[in-house]
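Per TrEMBL, the features are as follows:
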TRANSMEM  28-51  transmembrane segment
TRANSMEM  95-122  transmembrane segment
TRANSMEM  161-179  transmembrane segment
TRANSMEM  186-208  transmembrane segment
TRANSMEM  250-270  transmembrane segment
TRANSMEM  282-313  transmembrane segment
TRANSMEM  333-359  transmembrane segment
TRANSMEM  380-401  transmembrane segment
TRANSMEM  407-426  transmembrane segment
TRANSMEM  485-507  transmembrane segment
DOMAIN    548-598  domain 'Cationic amino acid transporter C-terminal'
TRANSMEM  550-569  transmembrane segment
TRANSMEM  575-593  transmembrane segment
REGION    602-625  region 'Disordered'
COMPBIAS  609-625  compositional bias 'Polar residues'
Amino acid sequence: MLRQYVGHFGEKLVRRRPLELRAERPRAYLNTLDLVALGVGSTLGAGVYILTGELAKVRAGPATVICFLVAALSCVMSSLCFAEFGARVPRSGTAYLYIYVTVGQLCAFIIGWNLILSYVIATSSVARAWSYVFDNLIGNHISQMLQETFSLQMPYFLDRYPDFFALGLVLLLTGLQVLGTRESALVNKVFMGINFLVLSFIILSGFIKGDLHNWKLTEQDYALDTSASSDTSSLGPLGSGGFVPFDYEGILHGAATCFYAFLGFDSIATRGEEALNPDRSIPLGIMITLFICFLVYFGVSASLTLMVPYYLIHPESPFPQAFLHVGWDAARYVVIVGTLCALTSSLLGITFTMPRLICAMAEDGLLFRRLAWIHDCTGTPIMAIVASGSLAGIMALLFEFRDLVDLVSIGTLLVYSLVALSGLVLRYQQDQNLSKQEKTEEKMEMKADIERRPLESVPEEGTSNILKSLCDPINTIPTRKSGQIVYGCAFLLVLLLTILSLVLAWWPSQVFSGDPVLTPVAVLLLLLITGVTVIIWRQPQSPTHLYFKVPALPVLPLVSIFLNIYLMVQMTSGAWAQFGVWMVIGFTIYFGYGIRHSLEENNEPQPPASTSQTLDQNISGHESS
């Protein structure tokens, strides 16, 4: 009885949502250039104007350029894994939709819940950055007044003062959405054009006014700047000076945070249905987008650290203060205008996307159904807008920009790790659409295999047969057994990669210096990872044709998972504590409500023919029942 209950409960966790089919495919109209423009416009935002200064001052110094390179490489591999999901599901959508259709409900909820976290915190952080820049424009009067009034009453784990200006900005955009105001594509294009002009001006100015000595700073330079500064509390740490003042640990911490700066490139992978030549344009568009964004981040961070010593950078408004430092006071206002345009464009895009995801999860029953209520007159999901706007506003009011960035990076890295893991195991799973003849042939092969096996009276022969079935399967197409082998090996690899990441993160010097305990442990983990990877590689892959498949399987997804986990363990304990609270809230909602109210739970007896109906018909049919 208990076994049946556990099995039924496990089946609920992996239930897949049937994908509603459209009568005809939307007209493909996006070429590679269109996809690149979409990706670049979605990626360049608060990260380039605010995050760069924060990283350079306290985490990496001039080596911030290397942080962006490491983050870009991780994003390339994650995005290629994401693109295969876009090929598997013939519909433009999000990672939540792709995982729900192909993998199952629990994994889809985890990804959707973390995407909500990413959108909420992205809104909060951009609003906070908008407040910083505007406050700097008017002489920091807002922050001074708020800090004098509230700084003594704020707990240590929150920001120095509540940012009511950022809260008001988020509530204003929430109100506009409730009224049914839609974002303007023309306004976004104008803002993006201004953004590129300002970024080009910053990069050129940095190479004109920059000084290479700022990449070779010493203790004497720090002492001189300290004696010349009237406010020594505004100086950041020196570290060891030079180009890498905080060693490679600083680079890794910075790279983990830099992942926030590349959020938005996955919007390309979700447009496979609208791309003219998706098998070529999507991976090419992703590569070009990330290369362009990396060049921009490289140029901007190099420009900033060349103009100003990294410990003198103003973290909340780095570029306007940098132009003040080099004597270009008028350029400060040009940069501020460009920064506000870029942040406004980014804020509009995020705030109009976030409620749609919440509404989709509520329609599926994984979140409270009332969040999916759409107003008849305005046609907007009012409850989802109000809920997401209120949460984003509270976080913008209370939390510091740095804490928000670390938290969103953890959630996003987890999402892309799950996408890579799901893409890996799906390639080796049995095709659900096998014809009767193929299924009959598969059963005959399995029966023949059983008949060919000798009686396993000797334990050694049983062991050899198991190893032979793992490393040399007889089938050329995936079977249920081979799929289960890949599932088990994939989850074992995640465990081994996590342990290896923790060892390398906590005791890196001991591992590479030949410690008698840690070095053999790391070598043993690498050998186990290699062996399990070979077992997965030997299993038959699905012959299903896709317009794009991840190359170098299973190595590339595993490297992506390892890099993501390794960057995740670089985060602070405070960020992990906040993330743990968020996940506890999410699992409470899922196991307390979502698992019992999902559409798949209530429509379980229905035949698969319902996949040809639209989602609206499914929902209305469920409500009428």
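In case you wondered, yes, glycine gets a Cβ from its N, Cα and C as well.
Panel annotation: around the transmembrane segment (186-208), residues 40-41, 44, 48, 296, 299-300, 302-304, 306-307, 319, 323, 326, 328, 331, 334-335, 337-339, 341-342, 344-345, 348-349 of the same chain, lying at least six beyond its termini, place a Cβ under 8 Å from a Cβ of the stretch. If one looks beyond the transmembrane segment (380-401) by at least 6 residues along the same chain, the residues whose Cβ comes under 8 Å of a Cβ in the stretch are 50, 54, 116, 119-121, 123-125, 127-129, 131-132, 158-160, 162-164, 166-167, 169-171, 173-174, 177-180, 316, 351, 354-356, 358-359, 362, 370-374.
With pairs at least 6 apart in sequence, the transmembrane segment (333-359) and the transmembrane segment (250-270) have fewer than 3 Cβ pairs within the 8 Å limit; the two do not touch. Counting residues 6+ beyond its ends, the transmembrane segment (407-426) has Cβ neighbours under 8 Å at 77-78, 81-82, 84-85, 88, 95, 98-99, 102-103, 107, 110-111, 114-115, 117-118, 121-122, 125, 256-257, 259-260, 263, 483, 486-487, 490, 494, 536, 542, 550, 553-554, 557-558, 560-561, 564-565, 567-568, 571, 575-576, 578-579, 582 in the same chain. Counting residues of the domain 'Cationic amino acid transporter C-terminal' (548-598) by DSSP class, helix then strand then coil, yields 39 helix, 0 strand, 12 coil. Ranked by the number of CB pairs under 8 Å to the transmembrane segment (282-313), the listed stretches 28-51, 161-179, 485-507 are led by 28-51. Taking Cβ pairs closer than 8 Å, the transmembrane segment (28-51) reaches residues 122, 125-126, 129, 132-133, 188, 192, 195, 199, 257-258, 260-265, 267-268, 271, 273-277, 280-282, 284-286, 288-290, 292-293, 296-297, 300, 315-316, 318-319, 339, 342-343, 345-346, 349, 401, 405 in its own chain, all 6 or more past its ends.
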